[in-house]
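One structure is given below, encoded as structure tokens.
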Amino acid sequence: DLSLLRFISAELTRGYFLEHNEAKYTERRERVYTCMRIPKELEKLMFFGIFLCLDAFLYVFTLLPLRVFLAMFRFITLPCYGLRDRRLLQPAQVCDILKGVILVICYFMMHYVDYSMMYHLIRGQSVIKLYIIYNMLEVADRLFSSFGQDILDALYWTATEPKERKRAHIGVIPHFFMAVLYVFLHAILIMVQATTLNVAFNSHNKSLLTIMMSNNFVEIKGSVFKKFEKNNLFQMSNSDIKERFTNYVLLLIVCLRNMEQFSWNPDHLWVLFPDVCMVVASEIAVDIVKHAFITKFNDITADVYSEYRASLAFDLVSSRQKNAYTDYSDSVSRRMGFIPLPLAVLLIRVVTSSIKVQGVLAYVCVVLFYCGLISLKVLNSIVLLGKSCQYVKEAKMEEKLFNPVLTATPGKPTGKQQSMFKSSQGISTDENGSTSVTNQPVHQKENTPSLLVTSNSDQFLTTPDGEEKDISQDSSELKHRSSKKDLLEIDRFTICGNRID
């Protein structure tokens, strides 16, 4: 016996109970809390990652020249000590000399690039054309960073590879010229980026700067609606850290060039300050919104960023171990795609052209500034190492660093996967179980039989919360596990995409 009045009465008095679907609403509430936690957790990761990049960047200006000097001093005084070792220089010293020579050669090559002419050439273009050029430069920077560290690693390995092996490369000199060409071209690319940003700062109506900042929000559209897993989000986080640090250096270059044009008038710095704040605020806002919705759509908790931070800390602590297989600056380059050499070449070129050093007092100020940089580098390294040890301990990853090495006969594999982790890193412990963090790697003689199991260098890298499984599991489960890669198994950031295939 239906009627309109009964229908309206039912609509007005109809009730429902949310507790009948308690799990669903609890999950929705947790998603809201997760989005509220994302800014704090993300910025903690960004803060730690930016100081890691700063540590690798300051290394080029502070400790690298001193290490090159010590390596050259050892090479010159080698006849006084005699050839006790078959190597003239240790592998780390060879790599340091190569980095220093590349830095010096590219610096002198950058003198042939006229910054003023490039600035006026870019300023004469239309706004839309500059917007397209800036987007193309971002893509080219990612491509250069993706391939650049491979070029440098190939040079380092070619120069330090044991000579007894059969030659399977084109030679050190071709690799060296490839590395010099890469660093030079990448430095020019970053210079064009900085010049375009400088033109946007100096435009009267700020239209170009507004368009360039709005381009960051287009990044949200291309990211939040894709499917992400923990590994993919880790890649994106590393990319955002590298991008943010690079933007800070570009802003420093823009401020230096503008202050030089206005005769270092401090009043002009306050004119640039609002634009600098707008660029930094837009980067932070885009990163927060992007990561908040990615974690929401893919059901990823905010605690994953503490795992990412522990993974980066693990790289730092591993590089300080005895018999470390890589330098920390190179480890940051592989993990984040941040290569400090091209950026350092450009910054040195801009600083030397913007600041004129004349007189004894000026040289004294330069020496004091260099001592200040060394102090900042040492202080930053000490704090980072302490924080990294704390993060590794909180993530319960200490056993990956301090477990004793299980010896095995060559050709007779061990049954524990833990020994494969340990042997790949080459960590040695003392009788008391303590592991050195600051000692230099010791070269093993070629005629000494290897006591460690040969394994892939990436096998010791696991997620902080991952539990080790026995190798004798079912093949179906192993096949399912092999389809995904752990966080620390990614030894280099794939900059050009978000997938790991």
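Just so you know, glycine gets a Cβ as well, placed from its N, Cα and C.
Listed by sequence, the residues of this chain that lie at least six past the ends of the transmembrane segment (46-73) yet keep a Cβ under 8 A from its Cβ atoms are 89, 92-94, 96-97, 99-100, 103, 237-238, 240-242, 244-245, 248-249, 287, 309, 312-313, 316, 328-329, 332-333, 336, 338, 340-341, 343-344, 348, 370, 373-374, 376-377, 380-381, 383-384, 387. Taken from TrEMBL, the feature transmembrane segment applies to 46-73 (among others).
The transmembrane segment annotation in TrEMBL covers 94-113 (among others). Outside the transmembrane segment (94-113) by six or more residues, the chain places 60, 64-65, 67-68, 71-72, 155-156, 159-160, 176, 179-180, 183-184, 187-188, 191, 327, 341-342, 344-346, 348-349 with a CB less than 8 A from a CB of the stretch.
Long-range contacts of the transmembrane segment (176-201) within the same chain: residues 98, 102-103, 105-106, 109-110, 113, 115, 118-119, 122-123, 130, 133-134, 137-138, 140-141, 144-145, 147-148, 151-152, 154-155, 208-209, 212, 246, 250-251, 253-254, 257-258, 272, 275, 339, 341-343, 345-346, 349-350, each at least 6 residues beyond the stretch ends and with a Cβ under 8 Å from a Cβ of the stretch. Annotation source TrEMBL lists transmembrane segment at 176-201 (among others).
What TrEMBL lists as transmembrane segment is 338-355 (among others). Residues 53, 56-57, 59-61, 99, 102-103, 106-107, 110-111, 115, 144-145, 148-149, 152, 183-184, 186-187, 189-191, 194, 241-242, 245-246, 249, 252-253, 256-257, 259-260, 329, 332 of the same chain lie 6+ residues outside the transmembrane segment (338-355) yet bring a C-beta within less than 8 angstroms of a C-beta in it.
The transmembrane segment feature in TrEMBL is assigned to 361-386 (among others).
Residues annotated as region 'Disordered' in TrEMBL: 406-483.
According to TrEMBL, the compositional bias 'Polar residues' annotation covers 415-462.
Here TrEMBL flags 469-483 as compositional bias 'Basic and acidic residues'.
Distant neighbours of the transmembrane segment (361-386): 51-52, 54-55, 58-59, 61-63, 316-317, 320, 437; these residues of the same chain sit at least 6 beyond its ends, with a Cβ under 8 Å from one of its Cβ atoms.
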